[in-house]
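Here is the structure we will look at, set down as structure tokens.
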Amino acid sequence: VSMNHTTVVEFVLLGLANSRQWEIILFVFLGIAYLLILLGNISVISITLTNNFLQTPMYYFLRNFALLEIIFTSTFLPSTLYSLLTERKTISLPGCFLQMLLFYCLGTCTLFFMAVMSLDRYVAICHPLHYPAIMNSRFCLQLILGCWALTFLLMLPPTIMTVQLPFCGPNVMNHFYCDASLLLQLSCTDTAFIEELMFIILILILPGTLIVTAVSYGCIIVTILLIPSSAGRRKAFSTCSAHLMVVMVFYSTCIYRYIRPAQRGGQDSDKVLSLFFSVLTQTVNPYIYSLRNRQVKQALKEKILKFS
């Protein structure tokens, strides 16, 4: 460290608002969103675990996806809510690194899970006779473990290199969580190699999983069009369109945030984009993917009647 710099021991996160009034409004909004995320995903996990009719590959993936959603949002939303309520803007260096590691690993795993779930729906709808043989319990477990293994294989190297960088100041980030692109800008050494490595990894992950998801839903839509019953087509399109809307919002905001040309973080628009893919889509996911399903709604009604 040069003589005119001091080693950074904490970072300042400017957060989402500049006025106390907006901080209270955002605290209420994000608090409700976090409660809905927890309530929706815990409901999905408990229902699919305890109901014998929901022990199928689709609900196995949805249960794991719900657990992932809870952990992912819990890496940054509680600290964001605490910051909005108390106006405490600082986060320690180790805490920032841990939050960054969890956020990017869990966020990347979410992309892989969405691709796997779209493949599961493709096999179930386009090849129903072969579905039980293809999506057996062993293969489902291999897909889940593969998502986690691929996530850590891709994300750990750049994350470890980022953690080892020296930070001498300034230490202010215009964000509400520890963002890797902003951390690289604050380092007092050359980070060009890490930035290029992260860009290549994101280019592989985001368009790669998007292609798998888009092709799967494209095949599903073609199969739906061949359904002779108009009522059946409407019902299938209703479910498929809701899934596609969530996928479009999630991917479009992620891609524009992280791999747009000449991207440099730290703008207010980056925080808005991050809210879309890290909070908004996570809030609606359990209701779009699971709780709208007829079998899940029936199981939920039975649970409510039983407890009441």
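Glycine is treated like the rest: Cβ placed from N, Cα and C.
These numbers come from a predicted model, not from an experiment.
Annotation source TrEMBL lists domain 'G-protein coupled receptors family 1 profile' at 40-289.
What TrEMBL records for 24-49 (among others) is transmembrane segment.
According to TrEMBL, the transmembrane segment annotation covers 61-85 (among others).
Taken from TrEMBL, the feature transmembrane segment covers 97-119 (among others). Only residues 6 or more beyond the boundaries of the transmembrane segment (97-119), in the same chain, are considered here, and those with a CB under 8 A from a CB of the stretch are 58, 61-62, 64-65, 68-69, 71-72, 75-76, 79, 91, 143-144, 146-148, 150-152, 154-156, 159, 162-163, 177-180, 183, 205-206, 209, 212-213, 216-217, 243, 247, 250, 254, 278, 289.
Per TrEMBL, transmembrane segment is recorded for 139-156 (among others). Within the chain, the transmembrane segment (139-156) has long-range Cβ neighbours (under 8 A, six or more residues past its boundaries) at 57, 60-61, 64, 101, 104-105, 108-109, 112-113, 116, 201, 204-205.
The annotation transmembrane segment is assigned in TrEMBL to 199-227 (among others).
Residues annotated as transmembrane segment in TrEMBL: 239-259 (among others).
Annotated transmembrane segment per TrEMBL: 271-291 (among others), in sequence order. The list of residues near the transmembrane segment (271-291) in space but at least 6 beyond its ends in sequence, with Cβ under 8 angstroms from a Cβ of it, reads 16, 30, 33, 36-37, 40-41, 43-44, 48, 59, 62, 65-66, 69, 72-73, 76-77, 103, 107, 117, 174-177, 179, 242-243, 245-246, 249-250, 253-254, 256-257, 297, 300.
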At a C-beta cut-off of under 8 Å, are there same-chain residues at least 6 beyond the transmembrane segment (24-49) that contact it? List them, or none. 16-17, 55, 59-60, 62-63, 66-67, 69-70, 73, 77-78, 80-81, 84-85, 279-280, 282-283, 285-287, 290-291, 296, 299-300, 303
Average the pLDDT scores across the domain 'G-protein coupled receptors family 1 profile' (40-289) and report the rounded value. 87
